[in-house]
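K.L.:
What follows is a structure written as structure tokens; I'll ask about it next.
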Amino acid sequence: MAIMTTTSSLAFQPVLERIAEEIERTPGRGRPADYIPALAACDPRRFGMAVAELDGTVYGVGDWRQPFSTQSITKVFTLALDLAREGDSLWEHVGREPSGNPFNSLVQLEYESGIPRNPFINAGALVVTDRLHTRTGDAAGELLAFLRSESGNPALGFDQEVAASESAHGARNAALAHFMASYGNIDNPVPVLLDQYFRQCSVAASCADLARATTFLARHGIRSDGSRLLSRSQAKQVNAIMLTCGTYDAAGDFAYRVGLPGKSGVGGGVIAVVPGRCTLCVWSPGLDERGNSVAGVAALDRFTTLTGLSVF
Ligand code: GLU
């Protein structure tokens, strides 16, 4: 039975504290991503969690103000920024189905003629970044400006060490980009695109920053200044793709346990949306074998169980 029978905001803080205590007692946190040295050094016992209300009020616990590597979480924001500009023609270049393959897989691309399954696997995110770059001339800069403005934190920035590390270990992303270019599904020169993509992955932000920056999705497309980024229908679409494709090839299990649209990154962060109510961000760098934060998913599972706030 849910302990929060009303949706009173003040009830968030005790729920977060209870979850942090439970997580603290839980052994086994998974392992930090080790494919780039800049991520491998993170302590898997770190844990932070934040909830943001629609008006931007944020509640948090643990390391909720500590910046971490956002990685694939930024794919949600580039998708929203591109969809806002080009609308449905985006879907001629990237699909909307779960891939059932690892996030950096090449195999499906050949069967499906260079059209990635969805915008949250690496191939799909490369297409989205490419299209946003064509439209803006600076996809990573657009993303950063958006995150700064929606989080209310003008100090957000790229982590140069992580970006350089991504680039030095980026052979597979380069392969994906070149392969899609061979099908005519990439506009910009591949080195330009990769630089944009790696910088996008390197953004450092805290749970508080990301929970706030995600609230436009809980407000059905309305930004923090009251202007509209996405139509109500587009906001629904982005939330739906997060639910079905946002947590690598464990999206079914995430929906089963958490019951919210979510997006994870290999830095150990996960964002989640309760449409019309609030957003969440949790960070703990230890990952399971599919690339999702062990403590992060457990904490979101507890949050929706304790509060009853879920889309189901
Ligand atoms: N920068 C990572 C890559 O492209 C993103 C990984 C992730 O968070 O899924 O390999």
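Glycine residues also receive a Cβ, built from the backbone N, Cα and C atoms like all the rest.
Quick paste of what TrEMBL says about this protein:
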type: BINDING; residues: SER72, ASN122, GLU166, ASN173, TYR197, TYR248, VAL266; note: substrate binding site
K.L.:
Consider only the binding-site residues SER72, TYR197, TYR248: which of them have a Cβ under 6 Å from an atom of ligand 1? Write none if no residue does.
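P.N.:
Those binding-site residues that pass the cut-off, since their Cβ is under 6 Å from ligand 1, are SER72.
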K.L.:
Which whole number of Å gives the largest C-alpha distance between any two of SER72, ASN122, GLU166, ASN173, TYR197, TYR248, VAL266, the residues noted as binding substrate?
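P.N.:
Greatest Cα-Cα span of the listed binding residues: 19 Å.
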K.L.:
Return one of helix, strand or coil for ASN173 (substrate binding site), based on DSSP.
P.N.:
helix
K.L.:
Most Cβ neighbours within 10 Å: which of the binding-site residues TYR197, TYR248 is it?
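P.N.:
When each Cβ's neighbours within 10 Å are tallied, TYR197 leads.
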K.L.:
Under DSSP, is SER72 (substrate binding site) helix, strand or coil?
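P.N.:
In the DSSP reduction, SER72 (substrate binding site) maps to helix.
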K.L.:
Excluding near sequence neighbours, so keeping only residues 6 or more apart in the same chain, what lies with its CB under 8 A of VAL266 (substrate binding site)?
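P.N.:
Same-chain residues close to VAL266 (substrate binding site) (Cβ under 8 Å, separated by 6 or more) are ALA33, TYR35, LEU39, GLN71, SER72, LEU287, GLY291.
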K.L.:
Just counting, how many other CB atoms are there within 10 A of the CB of SER72 (substrate binding site)?
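P.N.:
SER72 (substrate binding site) is surrounded by 23 other Cβ atoms within 10 Å.
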